[in-house]
Ligand code: SF4
């Protein structure tokens, strides 16, 4: 029989597991606390559980724990990039960003990605597998434990398309915001998607309080298709309608991510079209100067061009900010630390 992945279980499910092992249900609460509040890495640490119980847990359950293979710290702003090893030899990347309002952790949801966005390093080797809820939680837990600082915000924007691992994502959101766990407010959780429309609609029906961030990156269907293959499946109109629906059902303002690629999507005409597309939608636009990756020929937009783009949007009363770049000196863009690690391993 497959060992039970207890760190992915809700408290209710854990009660059943504990009972099946012949223990009283209240033990589940203690076990849950060890895993999700005290962030224990082994059963040995769980000293208020009997030796017999711990023995049974060891025999029939796994306690998913990620190990940091590498931690890089930015000399510019203290941002830290973590490369975590999974039990099957795969690796994932997570980032800790320190802001005045608190610590934010950006986590991965899959090993690799199927979506093929042209400017992204995470998709170059394709998709390997989905992460489990425990593997998503662990990225936050290990960073909180290693840094010794409380994580107040979580962004699911690392490697992978979170809505392509939908059930796991939902479980992750419920568990990380659970008052019996780290209890991070749903309002401090952001999930980024490249625009999987049916899943966006399903998510709206969940009526969560999380922020949905849509990777838009273009102001027309044609340009979006050139940057993001998924745009061929779900048109820009469908994606924006799904955003409107999300706002109507949850009351949560939508964030639009717009990676500025020099000469591709950064003209004044692009800005005007973008403003037109977003008219009347309660939203915020995040402009991201794209990080060049060596496998692609994309270049970063000029500083002046970025400023002009922002000004144009503001003229149309669109809320817009240029995303502050964090940790540029440490394998900049998302997925690059993992990719450098895999490349090095293949070379050796
Ligand atoms: S940007 Fe996100 S969805 Fe697109 S390929 Fe990269 S990880 Fe996947």
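Cβ atoms here come from the backbone N, Cα and C positions, even for glycine.
According to DSSP, residue 93 (active site, proton acceptor) is assigned to a strand segment. The annotation active site, proton acceptor is assigned in TrEMBL to 93.
The active site, S-methylcysteine intermediate feature in TrEMBL is assigned to 334.
The [4Fe-4S] cluster binding site annotation in TrEMBL covers 113, 117, 120.
Residue 192 (S-adenosyl-L-methionine binding site) carries a strand DSSP state (E or B). Marked as S-adenosyl-L-methionine binding site by TrEMBL: 160, 161, 192, 215, 216, 217, 291.
Over the domain 'Radical SAM core' (99-329), the average per-residue pLDDT in this prediction is 94. According to TrEMBL, the domain 'Radical SAM core' annotation covers 99-329.
Among the binding-site residues listed here, namely 113, 117, 120, 117 has its C-alpha nearest to that of residue 216 (S-adenosyl-L-methionine binding site). DSSP gives residue 113 ([4Fe-4S] cluster binding site) a coil state; it is part of no helix or strand. Cβ contacts within 10 Å of residue 93 (active site, proton acceptor), excluding its own Cβ and spanning all protein chains shown: 26. Taken in sequence order, the binding-site residues 192, 217, 291 that lie near ligand 1, meaning a CB under 6 Å from one of its atoms, form an empty set. With a cut-off of 8 Å between CB atoms and residues at least 6 apart in sequence, the same chain places 155, 156, 157, 162, 213, 214, 215, 257 near residue 192 (S-adenosyl-L-methionine binding site), listed in sequence order.
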